[in-house]
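So the structure is just underneath, and the comments pick up after that.
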């Protein structure tokens with residue numbers, strides 16, 4: 001049973017519209033859809049809230065550490081609420097998926113994503129769900145850092161917004177219908 005949804009990103013106005021904050025975007029939209037106002041929770045180093053989907057209480061977490069230190073925030077929440085890795089969904093940007101694509105995955109490595117790398121180290125486990133929001137790759141592989149820390153163009157943002165819409169539905173399906181049905185639905189789009 002899912003208990004915690006975590007959106008990954010970097011805090012601060014200068015990062016708000018960057019591709020690397022795709023996890024924040026989807027978490028914010030989910031909170032808004034459920035009339036949840038995220039509040040600063042210093043003991044979790046995060047913005048934090050609670051929603052109910054299908055009468056099931058779900059915590060929302062938006063770490064306010066930088067992306068590469070997200071594990072600190074996640075570990076604090078998991079200790080406090082006794083949440084196991086299998087009860088967590090991490091929403092993050094994914095270079096290896098084109099814009100407009102979104103995939104749900106259970107378990108696995110970090111795939112070079114430093115936020116996931118830190119979370120895996122902090123939890124001592126890879127056994128959590130990931131909702132991977134495709135942001136595509138830059139043409140020049142040496143420009144990855146600049147690419148993820150820039151805002152997408154309006155055309156690119158349209159594709160990303162479509163995938164965020166699918167992501168919201170996938171979260172609901174994961175909670176109400178289970179991981180297999182959610183994955184099948186999402187991956188058939």
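Cβ coordinates come from backbone N, Cα and C, glycine included.
Summarising the environment of residue 10 (site 'Discriminates between blocked and unblocked aminoacyl-tRNA'), the number of other Cβ atoms within 10 Å of its Cβ, over all protein chains shown, is 21. The site 'Discriminates between blocked and unblocked aminoacyl-tRNA' feature in Swiss-Prot is assigned to 10.
In the three-state DSSP reading, residue 114 (tRNA binding site) counts as helix. According to Swiss-Prot, the feature tRNA binding site maps to 15, 66, 68, 114.
In the three-state DSSP scheme, residue 20 (active site, proton acceptor) is classed as helix. If you look up Swiss-Prot, you'll see 20 marked as active site, proton acceptor, on the strength of sequence analysis.
Of all the Cβ atoms in the protein chains shown, 26 others lie within 10 Å of the Cβ of residue 93 (site 'Stabilizes the basic form of H active site to accept a proton'). Annotated site 'Stabilizes the basic form of H active site to accept a proton' per Swiss-Prot: 93, in sequence order.
Residue 66 (tRNA binding site) has a Cβ environment of 16 other Cβ atoms inside 10 Å. Listed in chain order, the extra residues whose Cβ falls within 8 Å of the Cβ center of the tRNA site residues 15, 66, 68, 114 are 10, 20, 65, 67, 69, 70, 115.
The recorded positions shown are 20, 66, 68, 93, 114; of these, the one with its CA atom nearest the CA of residue 10 (site 'Discriminates between blocked and unblocked aminoacyl-tRNA') is 66.
Closest to residue 20 (active site, proton acceptor) in space, going by CA atoms and restricting to the recorded positions 66, 68, 93, 114, is 93. Sequence-distant contacts (6 or more apart, same chain, Cβ under 8 Å) of residue 68 (tRNA binding site) comprise 114, 115, 117, 118.
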